[in-house]
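J.: Let me give you the structure first, and then I'll get to my questions.
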Amino acid sequence: MPNITESNNIDIDIDNVINTNASDELTIKQKKIKKSTVEFDEEGIPILSRQRIYMAVASLCIAIFLASLDGTIIVTALPTMANIFNAADSIHWLITANLLANTCFQPLFGKFSDIFGRKETLIGAIIIFEIGSLISGFAKSISLLIFSRALTGVGAAGLQVMVLVVISEMVPLRERGRYSGLVGVAFGLASVIGPLLGGFLTDKVSYRWCFFINIPIGILAGIFIALLVKTRKSEGSAKDKIKRIDFVGSFLLVSGLVMLLIGLNFGGNEHKWISATVLCTMIIGALTLVAYVYYDLKVAKEPILPLKMFKHRNFWSITTAQFFMGFGLYGIIYAAPSYDSIVHNSTASHSGIFLLPFILGMVILSFAAGLFITYTGRYRPMFISGTFIMAVGCGLLISINENTKGVATASFLAICGIGCGLCMQSFIICVQATVPRNLIASATSTIAFTRILSGTIGTTLSTIVQKSIVKSKITQLIAKFPTNAKVILASLKKTSLIHTSSVPSE
């Protein structure tokens, strides 16, 4: 990772960046610019009371809660849907399609908000999300359900990016950590509630309510955001705004990412890594992304993902750190419940609870880090200590096995959650303090995109390593216990068999 302690110090003093202090009455002393019925300071931030800001942020928390809930609520419903649609081989595409769309469209929303306005873009994302959820609830074929989950992923991408961008538009930099921390709490709560609520709705009502439940929550979020959130209006007519959209750049970036990520998902699953399908999709995806870089640098007037942001040392340092942090974050989120289910033969509900120490550690420290940044104006201690603690926690997780006590495992997961929580808000605020104001939306979407992209790549690579190790271990087990060969092989598809058979524990 780049050396972040060189002469160009990454820990900018927020007091100097925004020339302010922590006084609650600061905003009313700033230069006022009259726009409609709302007054804005000289940086374009609306001058609102503390109560009004909290109410607006609460509405944004509902939006981020919605996006996070949708990503976890169907996990426990997948086996039921696989049986209903008779699609055990393709049911994983409900998650894959959603994640791919979420990843590939996140870079676009930052730029779209520059063109169409922050609040307008956020409400547009809610509408897309709601349409996708509605189609998912009524879908009667697995193909339509996969399509609608992808559409929902597009909307979720907008929600995850635009909530952070809108907060940067409404709140002075010095106080931004306080409110961003609340967003982290909403994200964490949804991550905990999602699997439990999904299991309850599937068992007691219908799996379709895992999608229908998004409708009232989304409508509520949309109404509150429309009434409470105040941001600057974008200039120009609708025709002029559409002309500003970089359609070529958008196509190159999204199609390149889609091809590359589909190739990664195909590899080792539907197709072998050396198959023509995998190699062609990944090579075409990589070449398309190279074409986008050239187009961005040489042709585009308003690029979707301005690469000039990487000229700032702080930006590319934090982006690199975020990329590697995403490996650990998503690796734990996906691997920990699977570990508990396979090794301990636990139920889906228990596997969700197994992750609770990690989520709680992340939520609590994310909020605490936001408060620390607000009151001290310093964020460097947060991400330095956070990355160190995360590394220690991941190192401890390597040591666990089937005999490790639950308290120890929970402690290791909590340590990792603490590390992630310390980094989440400090990364975003550091980037927003670094780039020019006209690039804040693009920079914020890039950080969010980097995290989920690294998570996608990281989980794919970990799956490759896991399958390689399992293959080696299975060969050794069959050689050691030849009479149990059939059960050992069958356990690869149904892991619970290994716990009910006569195969020795090792």
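Including glycine, each Cβ sits where the backbone N, Cα and C put it.
I grabbed these lines from TrEMBL:
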DOMAIN    56-506  domain 'Major facilitator superfamily (MFS) profile'
TRANSMEM  53-78  transmembrane segment
TRANSMEM  90-109  transmembrane segment
TRANSMEM  121-139  transmembrane segment
TRANSMEM  145-167  transmembrane segment
TRANSMEM  179-200  transmembrane segment
TRANSMEM  206-227  transmembrane segment
TRANSMEM  247-267  transmembrane segment
TRANSMEM  273-295  transmembrane segment
TRANSMEM  315-333  transmembrane segment
TRANSMEM  353-375  transmembrane segment
TRANSMEM  382-400  transmembrane segment
TRANSMEM  412-435  transmembrane segment
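For each listed feature, how buried is it and what is near it?
T.: Looking only at the domain 'Major facilitator superfamily (MFS) profile' (56-506), the predicted model's pLDDT averages out at 84.
Within the chain, the transmembrane segment (90-109) has long-range Cβ neighbours (under 8 A, six or more residues past its boundaries) at 70-71, 74-75, 78, 81-82, 121, 125, 142, 145-147, 149-154, 156-158, 160-162, 165, 250, 253-254, 257-258, 261-262, 265, 304-305, 442, 445-446, 448-449, 452-453, 456.
Non-local neighbours of the transmembrane segment (121-139) in the same chain are 63, 66-67, 70, 109, 112-113, 145, 147-159, 162-163, 166, 208-209, 211-212, 214-215, 218-219, 221-222, 225-226, 229; each lies 6+ residues outside the stretch with a CB under 8 Å from one of its CB atoms.
Under 8 Å from some Cβ of the transmembrane segment (145-167) lie the Cβ atoms of residues 57, 60-61, 63-64, 66-67, 70-71, 81, 85, 90, 93-95, 97-106, 108-110, 113, 118-119, 121-122, 124-133, 135-136, 139, 176, 179-180, 183, 214, 229, 231, 428, 440-441, 444-445, 448-449, all in the same chain and six or more residues away from its ends.
Non-local neighbours of the transmembrane segment (179-200) in the same chain are 53-54, 57-58, 60-62, 64-77, 163-164, 167, 171, 210, 213, 333, 348-349, 351-352, 355-356, 359-360, 362-363, 366-371, 421, 424-425, 428-429; each lies 6+ residues outside the stretch with a CB under 8 Å from one of its CB atoms.
Taking Cβ pairs closer than 8 Å, the transmembrane segment (206-227) reaches residues 55-56, 58-60, 62-63, 65-66, 69-70, 73-74, 77, 80-81, 84, 119, 122-123, 126-127, 129-130, 133-134, 136-138, 152, 197-198 in its own chain, all 6 or more past its ends.
Same-chain residues lying 6 or more positions outside the transmembrane segment (247-267) and placing a CB less than 8 Å from one of its CB atoms are 96, 100, 103-105, 107-108, 273, 275, 277-282, 284-289, 291-292, 295-296, 299-300, 303-305, 453, 456-457, 460, 464.
Sequence-distant contacts of the transmembrane segment (273-295) (same chain, at least 6 residues past either end, Cβ-Cβ under 8 Å): 248-249, 252-253, 255-264, 266-267, 303, 307, 464.
With a cut-off of 8 Å between Cβ atoms, the residues of this chain six or more beyond the transmembrane segment (315-333) that come close are 1-2, 4, 10, 191, 309, 355, 358, 383, 387, 390, 394, 397, 413, 416, 419-420, 423, 427, 430-431, 434-435, 443, 446-447, 450-459, 462.
Long-range neighbours of the transmembrane segment (353-375) within the same chain, counting only residues 6 or more positions beyond its ends whose Cβ lies under 8 Å from a Cβ of the stretch, are 14, 22, 174-182, 184-185, 187-189, 191-192, 332-333, 336-337, 339-340, 346, 381-382, 386, 410-411, 413-418, 420-426, 429.
Sequence-distant contacts of the transmembrane segment (382-400) (same chain, six or more residues past either end, CB-CB distance under 8 Å): 4, 318, 321, 325, 328, 332, 365, 369, 372-373, 408-409, 412-423, 425-427, 430.
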